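What follows is a set of notes on a single structure, which appears directly below.
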């Protein structure tokens, strides 16, 4: 039996864990207090690895970033950044229009102070940026961690190849540890689902359904409205034939592999069939699999604002714009590990003074809905890589 279960994919295991958790909560509610330990251990494990994960992944990706010599690379990068920012803005609007409430253990947020004016937020942001790096990691100050990772990464871009390789090896090692933690996600999710449904009942299903609807609806909006607008402005023509071709031939594959990196060969093959210059595609598509994460920006923004709404924190427009920028920067590091966007939610939550403990509960909620969220997110991310690359190449041919 154990051997059969071990052969199942992580998605299948999570689905089974959710079904078992709901069943135990409804049929044997008195047992659920004993199952809470599984969920607590899982959240604790996520809390312990998240700070070093963010630091190492961002540092390594920036230090090893190679710009290349393709003239078409700069406009592709510009589309990547603009696309992620617009995706985050879309997520803000969707979250305001359809606010979601999460079921969280918020006992520890009694001392939580809502951010004041924009000046207070910027002041706290700047103070977080210049935190001691060791203290930032130990106290899970994700803004400080991000600042030091970016700074060191930029400085190490001029270091030797050996040093860069060491950082990449450390990044792979940390990712391997994360994979081990994620492997226990079904057990943790089983405990979390059982306790949540025992406490809140079937109303929890409605909460998760609305959260999923906001997430998936926003990603579809980005894929079918935002991206076509950007591509249409680039190629100065009807973008939809190219959009649908990329969604069909790249997005569907990425949906099932749930990995932008694994979808790189598919995208390179599609780019070749679209007649894209190989010198552009060979750089922009692997780079896109690393930094172009519009779906991750949506996930980080929606789940952060759902947390803010749940805790009753008032947020003004200026703060939401800052959140969109932070979500975009955070999303660039989401490719380091499967479900990486969820593990970067604490970075955005720290903007609002939300504790790491509560943020990790949100990560656990994300794990529960990740069966659909992560697949759709990857489909959007990966199909956008080849879409923007092809659009810039078409524009280049038009100008030549």
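Keep in mind that glycine also has a Cβ here, set from the backbone N, Cα and C atoms.
According to Swiss-Prot, the feature transmembrane segment maps to 14-34 (among others).
Nonlocal intrachain contacts for the transmembrane segment (48-68), taken as residues 6+ away from its ends with a CB within less than 8 angstroms of a stretch CB, comprise 136-138, 140, 142, 145-146, 148-150, 152-154, 156-157, 159, 163-164, 167-168, 170-171, 174-175, 177-178, 181, 283, 287, 290-291, 332-333, 335-337, 340, 343-344, 346-347, 356, 360, 363. The transmembrane segment feature in Swiss-Prot is assigned to 48-68 (among others).
Sequence-remote contacts of a segment are chain residues at least 6 beyond its ends whose Cβ falls under 8 Å from one of its Cβ atoms, and for the transmembrane segment (76-96) they are 214, 217-218, 221-222, 226-227, 230, 234, 280, 284, 287-288, 291-295, 297-298, 300-302, 305-306, 309, 320-321, 323-325, 327-328, 331-332, 384, 388-389, 391-392. The transmembrane segment annotation in Swiss-Prot covers 76-96 (among others) and rests on sequence analysis.
Outside the transmembrane segment (136-156), and at least 6 residues removed from its termini, the chain residues within Cβ reach (under 8 Å) are 47, 50-52, 54-63, 65, 125, 128-130, 163-164, 167, 326, 329-330, 346-347, 349-351, 356. Summarising the annotation, Swiss-Prot assigns transmembrane segment to 136-156 (among others).
Positions annotated as transmembrane segment by Swiss-Prot: 177-197 (among others).
Annotation comment: Swiss-Prot describes 211-231 (among others) as transmembrane segment, evidence class sequence analysis.
Residues or ranges marked as transmembrane segment by Swiss-Prot on the basis of sequence analysis: 285-305 (among others).
The transmembrane segment annotation in Swiss-Prot covers 311-331 (among others).
Annotated transmembrane segment per Swiss-Prot: 349-371 (among others), in sequence order.
Through the fold, the transmembrane segment (211-231) approaches residues 79, 82-83, 86-87, 90-91, 94-95, 98, 100, 102, 239-240, 242-243, 247, 251, 294-295, 298-299, 302-303, 306, 365, 369, 372-373, 376-377, 380, 383-384, 387-388, 391 of its own chain, all at least 6 residues removed from its boundaries and within a Cβ separation under 8 Å.
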